[in-house]
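What follows is one structure encoded as structure tokens, with my remarks underneath.
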Protein chains: 2
Amino acid sequence: MELFFLGTGSGVPSKDRNVSSLVLRLLEERGTTWIFDCGEATQHQILNTNIRPRRIEKIFITHLHGDHIYGLPGLLSSRSFQGGETAVTIYGPIGLKSYIDISLQVSGTKLKYPLHIKEIFEEGTLFEDDACIVEVIKLQHGLESYGYLIKEKDKLGELLPERLKELGITPGPIYQQIKQQEETQLNDGQVIFRKNVIGPAKKGRKVAILGDTRYIPSLKEKLIGTDVLVHEATFAGDEEEMAYDYYHSTVKQAATLAKYSEVGELILTHLSSRYHGDAIKQLEAEAKAIFENTTLAFDFYQHKVMQK
Amino acid sequence: MELFFLGTGSGVPSKDRNVSSLVLRLLEERGTTWIFDCGEATQHQILNTNIRPRRIEKIFITHLHGDHIYGLPGLLSSRSFQGGETAVTIYGPIGLKSYIDISLQVSGTKLKYPLHIKEIFEEGTLFEDDACIVEVIKLQHGLESYGYLIKEKDKLGELLPERLKELGITPGPIYQQIKQQEETQLNDGQVIFRKNVIGPAKKGRKVAILGDTRYIPSLKEKLIGTDVLVHEATFAGDEEEMAYDYYHSTVKQAATLAKYSEVGELILTHLSSRYHGDAIKQLEAEAKAIFENTTLAFDFYQHKVMQK
Ligand SMILES: [Zn+2]
Ligand SMILES: [Zn+2]
């Protein structure tokens, strides 16, 4: 599980930072790639990476501002052109479907893979399978804006072979059975309770990827147990009023939320193009003074998601 | 009058060539910039040039394939964000308006300048003013595709001061009057006919910028007097069947059209990403064997438009 930042700027592309896109690589976990937001030229950024568009399984859009969606039609079309065949599901605010449909339709684009577009109507569970669950939460922005909470499910611990041998059970297919069921009756009538022969559960990780938003202190309840929080930081620490007026956050606000939510790590993105070089270092210092475990993302920054 | 190629590839962007966009700089002529097609990341290409988006006056779309239009919403939005205030007019096939309207609407984009979208219904004169005229012609492609013929109007020659002095007219505001009118009566009753006191007219240039198309031999009538022809060349010379099937042209076909149309120069663009390095040189040689004055465009190639 790895984050790969493709665009970390805000509003308009600059030479330093492209508009928003963030990839969550789940290659080990499920052999696929998820994308969060898809600003213009996301497919161009991908050309400079080892990301393979055919692996894309899901795309999550936080909100419909152009710097977060204008790369979608091109990415979807090129994925088809390059032979992508597996289905893609896109989640995002109401309006997303008409935008994608019109873009593909007027350009005469027929995708060679199934495309599902699921518009979001409310907070709650967006997706769940055996391995993970994705929840969506509402933020405060000029347009409807969402945050996505990605939680791996806890995994069963490993079978303890010593314990099994003590019980006289020799290695074989029965081991798999004992792991899959809460209790297993052996041929000799003996009943094995899984909880007695298994190590501690492996806790799943939790990543929170938020779209553009004002500072919302109450988010901390929803961020409980978050290992990595990705938060926007469009403005410097002293620009609170500006941030409020434009529905964005300052680096200090993002760091404060990280601190009170007791997340493991904070990664800041969506930085205004007004900040360069030393100004960026200054932003980082402001954030770290509040929450030490902070990183400022840059285009092509990769970050392994670790348990906190 | 200068051509500035921003994207010279076809279909999908590659590291070498972006998708289609071509700028016609009319800085000396009218202080503005015209754009022909606007594939994704055209605004990103512009970041690497001295082209100023606020100077954009007109955008001409040849056809609605994604590689020719997906950069429009971003370019229009960023121009507004960066303070562009003068009106922009976009010309293109039917469907263009709904694509632009929906893209700007779902993203909550309110442009700070007037935007006019004129959909094309038929061949003919698209635009005309004192200085130039733009005609549109139909091509043959998978979608409705157009070519644009940009003709500068011929300019009056210069007044001949020697001739005027022979007629006893001394320099003054009267000179301007004599140039503006076909005949001018002087205070002494003498009538001056402009044609007798003026040098030869300065012929306007003609540029033809064609969208994606199959080879159409009959275009040569419409290309009469063309100084510079910009033509697609998606395939190598021996791929005629492929070109026909995919509604494109080969380099040989484009060169043949240039030859029979007796244009001044031919510039080839929209090259498939299958051709690199030596293969590109091979394409160039194929074209030049038929029409010597041929150039293969590349991204950021600039070309002054000269009278043939
Ligand atoms: Zn944004
Ligand atoms: Zn094309």
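One-based numbering along the chain as shown.
Even glycines carry a Cβ here, placed using N, Cα and C.
Residues annotated as Zn(2+) 1 binding site in TrEMBL: B:His63, B:His65, B:His141, B:Asp212. The Cβ of B:His141 (Zn(2+) 1 binding site) lies under 8 Å from the Cβ of B:His63, B:Gly211, B:Asp212, B:Thr213, B:Arg214, B:Tyr247, B:His248, each of these being in the same chain and 6 or more residues away along the sequence.
According to TrEMBL, the feature Zn(2+) 2 binding site maps to B:Asp67, B:His68, B:Asp212, B:His270. Counting only same-chain residues at least 6 apart in sequence, those with a Cβ under 8 Å from the Cβ of B:His68 (Zn(2+) 2 binding site) are B:Val19, B:Ser20, B:Asp37, B:Cys38, B:Gly39, B:Ile61, B:Thr62, B:Gly211, B:Asp212.
Its Cβ taken as reference, B:Asp67 (Zn(2+) 2 binding site) is surrounded by 27 other Cβ atoms within 10 Å in the chains shown. In this structure, B:Asp67 (Zn(2+) 2 binding site) is part of a helix by DSSP. The active site, proton acceptor annotation in TrEMBL covers B:Asp67.
Confidence across the domain 'Metallo-beta-lactamase' (B:202-270), taken as the mean pLDDT and rounded to a whole number, stands at 96. If you look up TrEMBL, you'll see B:202-270 marked as domain 'Metallo-beta-lactamase'.
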Interface-proximal binding-site residues, chain A, C-beta separation under 8 A, candidates B:His63, B:His141, B:His270: none
Other same-chain residues whose Cβ falls within 8 Å of the Cβ centroid of B:His63, B:His65, B:His141, B:Asp212, the recorded Zn(2+) 1 site, in sequence order: B:Thr62, B:Leu64, B:His68, B:Leu139, B:Gly142, B:Leu143, B:Ser145, B:Gly211, B:Thr213, B:Tyr247
Secondary-structure category, per DSSP, in which B:His141 (Zn(2+) 1 binding site) falls: coil
In sequence order, those binding-site residues of B:His63, B:His65, B:His68, B:His270 whose CB lies under 6 Å from ligand 1: none
Listed binding-site residues (B:His65, B:His270), ranked by Cβ neighbours within 10 Å, top entry: B:His270
Alpha-carbon distance [B:His65 (Zn(2+) 1 binding site); B:His270 (Zn(2+) 2 binding site)] in Å: 13
Composition by DSSP (helix, strand, coil) of residues within the domain 'Metallo-beta-lactamase' (B:202-270): 22 helix, 18 strand, 29 coil
Of B:His63, B:His65, B:Asp67, B:His141, B:Asp212, binding-site residues neighbouring ligand 2, Cβ under 6 A: B:His65, B:Asp67, B:Asp212
B:His63 (Zn(2+) 1 binding site) CB neighbourhood, other CB atoms within 10 A: 26
